[in-house]
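J.: Have a look at this one.
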Amino acid sequence: MDVVNQLVAGGQFRVVKEPLGFVKVLQWVFAIFAFATCGSYTGELRLSVECANKTESALNIEVEFEYPFRLHQVYFDAPSCVKGGTTKIFLVGDYSSSAEFFVTVAVFAFLYSMGALATYIFLQNKYRENNKGPMMDFLATAVFAFMWLVSSSAWAKGLSDVKMATDPENIIKEMPMCRQTGNTCKELRDPVTSGLNTSVVFGFLNLVLWVGNLWFVFKETGWAAPFMRAPPGAPEKQPAPGDAYGDAGYGQGPGGYGPQDSYGPQGGYQPDYGQPASGGGGYGPQGDYGQQGYGQQGAPTSFSNQM
């Protein structure tokens, strides 16, 4: 009991509410319906043979058949209408292969769904370890989807043949006494095959479930990551018109307005306003505008002379 309690306490039951676990529950339930409706079937048909000699007639002949539908082994006794004798009439066909294949796939799908669901709940860490669990789950799901397609299609064809072989009208056509003049053969009851029809429906529903579950298992494998495109990034912001002068702004390094050593550290116009060119710019303590001027090479000596 302690082990059971620990498993229950450590179980991640929320996975049942997620698509991966919820679909697995549906697969488990639908697999039960598929093999139960087919594997437990028992059918019966009735017919009558009325001979010219009324005393030899059989007015209620019951013929039973069941899964796995080896109809060639099913027979019934019918009056031969000749001197009180009877004749064994065998049904035609062996449809056990398609029926047994369908039931086998359903049973294994039931067992796998139950095991996978238990793994999702109680062994989630082991399931995701090294990504082997999702990959094996995906391959198994793909195989079962294919097997459901094949088995359901084969059983649908087999069921059609079973209906033909158990139709009282077709059986009567093969009975020799019914072809004799004076004898009358009638069908009294057709077999009820609604349960078998339901099994075919559940087979194709299982096919839909297993094919649909491929996507949810595929996402768990991580194989979808290369195909998942990242959302486009935000467009690059264009600089505002005011930023054309540079990021530094006024008076802050290159690109700004500021007084960067007058107009440059070397050459060009250097307003020294009262100091020699080698002493740097500025107003300086030596005189006013008229002293030293711009320089010594043929330029005006002061602002007053230029005026």
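Glycine too: its Cβ is placed from the backbone N, Cα and C atoms.
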J.: Of the residues Tyr41, Tyr75, Tyr127, give the one that Swiss-Prot describes as phosphotyrosine.
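T.: Record says Tyr75.
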J.: What residue among Asn53, Asn197 has an entry for N-linked glycosylation site in Swiss-Prot?
T.: Asn53
J.: Please state if Asn130 and Lys219 fall on one side of the membrane according to Swiss-Prot.
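T.: Going by Swiss-Prot, Asn130 and Lys219 are on the same face of the membrane.
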J.: Count the residues of the topological domain 'Vesicular' (44-101) that DSSP assigns to helix (H, G, I), to strand (E, B) and to coil, and report the three numbers in that order.
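T.: Tallied per class, the topological domain 'Vesicular' (44-101) gives 12 helix, 26 strand, 20 coil.
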J.: Over all shown protein chains, what is the count of other CB atoms within 10 A of the CB belonging to Tyr75 (phosphotyrosine)?
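T.: So the Cβ neighbour count for Tyr75 (phosphotyrosine) comes to 13.
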J.: Using a 10 Å cut-off on CB atoms, tell me which of the recorded positions Asn53, Thr221 is the least crowded.
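T.: So among Asn53, Thr221, the recorded positions given, the one with the fewest Cβ atoms within 10 Å is Asn53.
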J.: Hey, how far is Asn53 (N-linked glycosylation site) from Tyr75 (phosphotyrosine), Cα to Cα, in Å?
T.: 24
J.: Near the topological domain 'Vesicular' (157-194), which residues from the same chain, at least 6 beyond its ends, have a CB less than 8 A from one of its CBs?
T.: 43-52, 60, 63, 65, 69, 71, 78-82, 87, 89, 91-93, 95, 97-99, 102, 200
J.: According to DSSP, how is the topological domain 'Vesicular' (157-194) divided among helix, strand and coil residues?
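T.: Its residues divide into 20 helix, 6 strand, 12 coil.
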